[in-house]
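Pulled from TrEMBL:
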{"type": "TRANSMEM", "residues": "6-28", "note": "transmembrane segment"}
{"type": "DOMAIN", "residues": "38-332", "note": "domain 'Glycosyl hydrolase family 59 catalytic'"}
{"type": "ACT_SITE", "residues": "Glu181", "note": "active site, proton donor/acceptor"}
{"type": "ACT_SITE", "residues": "Glu257", "note": "active site, nucleophile"}
{"type": "DOMAIN", "residues": "340-455", "note": "domain 'Glycosyl hydrolase family 59 central'"}
{"type": "DOMAIN", "residues": "491-665", "note": "domain 'Glycosyl hydrolase family 59 C-terminal lectin'"}
Amino acid sequence: MHIPLVLIIIIIYLFIFFCLCSPNYYVLDDGAGLGRVFDGVGGLSGGGATSRLLVNYEEPYRGQILDYLFKPNFGASLHILKVEIGGDAQTTDGTEPSHMHYENDENYFRGYEWWLMKEAKKRNPNITLIGLPWAFPGWVGHGKNWPYDFPDITAAYVVNWILGAKQYHDLDIQYVGIWNERNYDSKYIKMLRYTLDKNDLEGVRIIASDNLWEPIALSLLLDPELSTAVDVIGAHYPGTTTVPDALKTQKALWSSEDYSTFNDEVGGGCWARILNQNYINGLMTATISWNLVASYYDKLPFGRDGLMTAEEPWSGNYVVESPIWITAHTTQFTQPGWTYLQTVGHLAQGGSYVSLTDGKGNLTVVIETMTHNHSVCVRPPLPKFNVTSQNATFQLKGSFVSIKELHVWRSQFNFKTKKPVFFEKQTPLTVMNGSFTLNLAEDEVYTLTTITTGQKGSYPDPPPSACFPKVYKDDFNVRNPPFSEAPDFADQTGVFEYYNNLTDPGPHTFTLRQVLTERPITWATDADQTISVIGDYEWENLTVTCDVFMESVRTGGVFIAARVDKGGQSIRSTNGIFFWVFADGTYKVTNDLAGQAVLAEGQSGTRAYGWHTLSLTVTGPLASGMLNGYPLWKNAVVLNPKNGWAAIGTHSFELAQFDNFAIVAQ
């Protein structure tokens, strides 16, 4: 029997119409019980030096950036701030100073994380604070590149940081993480718990392994003492999934480091997808973005991988990127302590929804319909899936059945028109007989909520973007510096701090000093030399001048540099033009930081414990150097690199001072 063609067309049309227009039903009900307790959404400063340039912004721009990150009902309104416990080592984009450079040294004013936590706390007194060491000073390992052979020493080091936060800054650290690239260490975790309790810090909770689900999850099941010590299992970049053993522990599960994606619209889509699906697929009750704010030189690794971008303190320019507003869809309408409903899940035509309640009648629903190619994160690989436009009907039951109206906030990425609209308040939605229907397009985020306090905060546009100044000077003459680092210098190996040389009341009383004397413990690749970069990566022709002072007799060495082409985790293989002088009376010009590609060398007459002025000029393929105002070498041929930062540094982990730094770029 032959079916008429017209009938076939009608059947196909009706099928398509039914699929596209017939709503799918989703029940939102607390009557059958609730899911897990929500712990919040956060940002991570550190791992490493990701907020380095933020502190150098002038007001009002610095305060505005902080408001977009932390101010409740304004921007991202973050619930959690996680910071690096500085370990003097390269940990991705730079080094952060330790509170204990040496075993007998304690200083709780180094770096900028103390300041950042206090600024976050000013804006949101209820924000959760977390500390995690990515690296440790060398003395902790007693000569080994491993911090856990002496767990009592390492635990005391970490607990000192927590005690210092309270004593000197009135900051209560609520969680401390345990992380290393290789594995966790159960003896150390138990010792840390013991040391915390011994110092009346029973309320500080431990996140382990703050890296991978396994093997820590299985170990918690097998070791009751270890299980008692650990409060949260944290995973990095879990791809929205967990493992059975982690679920069996009944511990809180967190994505304690996630995102790490370029913050364009696709990055915003990545963030929207994982904020929902980390709970739906993996029952993770907190998600923390690496990083909080992309406030480091753009050409360092993972440029612009923050919730927003603030990498030009010299101009005041910053950019409120899409992840800020995607965060707001959750954070402005929930709080830690709310609870997920059991009725969460995936939408029939792709996308997902989560629902949370405060247990007092309030309800918040967050829906995302991000398509695959518009929500790819940098890691892990994202399996293929499909999302299409759809109607979705939600039925309210349980304590929510009496809700008559929901406030609506919507973000539309509009990838085709390239005219996105983020976090826009819509007309309130009327709930009829406990039910409402939404027409969901692709690449959208909705929040439907009983909470009325949401707000899209704004400030006047910041100043326009501008290049780093071509003429730059710093004499480091700051008697009481607000931060230990000099403005705009980004330490890549070693730690360069303001130094008050009380024994020299002359022109070099206030200097910048490299203070490390041994290699720190780190998972990243530090260089054998110390180096701090500054300036515009696009600089080609420039003159760098600096006074230098070596403090290691015979073995000391320092340099100034131009066209430095790498930083962060790649610092060990950095090339550029490096002008070195040594305490044995010699000089060298090299094409690399390692000092192997020699362009020129000879006698300089330089010695330790005397000031010398170095000047390096690079024009096209030629470089020349001056010592104390006189030519020392000239016309060294440099074919590569063509451009890069300026820099200062030392030949090894050694004490040395720098003063009257200046750049003139063409």
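In case you wondered, yes, glycine gets a Cβ from its N, Cα and C as well.
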| request: Tell me the Cβ contacts of Glu257 (active site, nucleophile) under 8 Å, same chain only and six or more apart in sequence, or just say none. | output: Leu44, Gly47, Asp210, Gly234, His236, Tyr237, Ile288, Trp290
| note | Across the domain 'Glycosyl hydrolase family 59 central' (340-455), the model's average pLDDT, rounded to a whole number, is 98
| task | Go ahead and report the DSSP secondary structure tallies for the domain 'Glycosyl hydrolase family 59 central' (340-455): helix first, then strand, then coil. | result | 6 helix, 51 strand, 59 coil
